[in-house]
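Right, one structure below, let's go through it.
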């Protein structure tokens, strides 16, 4: 019922042409900018061995690739919603699933990066033993496995409860219009609550352990604390999506005529903004990465391999 009501509201108050074009230009320009920076980061990562043998940078590169996939898919859906408006349910379902995987990966990846910072500062003698490349790759696999286990039940329950003809129909592509079973909403709320508690416990634990470490006066410890604060802010924005459904319902009731504008604001705030922070954390703040990234952006990258 809520899904059909949401679509009805969107149809009733569709954006005029000028506003629609403006929104699409803003979203596409932002996505091009974010992806260009991220591609530069990935290229810098791949060209220098100093990065892909370091677990910290491997986790960062995974976060960047994950964000690129997420931004590309969600922006594609955004543009499609204005051009085609309705698309085939099977196609929508596939796009939504991958977008959900990458969206849920982000806070988990941030938590893992916070733990790596904690080990580097508080357990420096054991860092190379604990944080190996092999274990980092296994950890990335576990991040994806966790997201898949969290999201795939939506598909299985939908397959079991709706007729097969539904997947041949066309819908306005939202998670709520594809996965409509009320049980899924309850499952999603419980899952998001667990994610939120787990990620924030990890971030707070690592931050305060670094804060009170014996090396708290060192430059590395101070940088690590600042990095975890940025991770926490980025995680807060990413996990705000856990309350996005409730927020959209409130905005729909209060401002039904401006519901499309509310969807646009939520998308920019909860989807685009968090993905623009990743380049700043390592691409700008990290001295080593910044040196090589500057060479690439200024087209002065040398062929020297480390």
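Glycine too: its Cβ is placed from the backbone N, Cα and C atoms.
What TrEMBL records for 21-45, 57-78, 83-102, 108-125, 137-162, 192-212, 224-242, 262-284 is transmembrane segment. Summarising the annotation, TrEMBL assigns domain 'G-protein coupled receptors family 1 profile' to 37-282.
In the predicted model, residues of the domain 'G-protein coupled receptors family 1 profile' (37-282) average a pLDDT of 81. Where the transmembrane segment (57-78) meets the stretches 21-45, 137-162, 192-212, the count of C-beta pairs under 8 angstroms peaks at 21-45.
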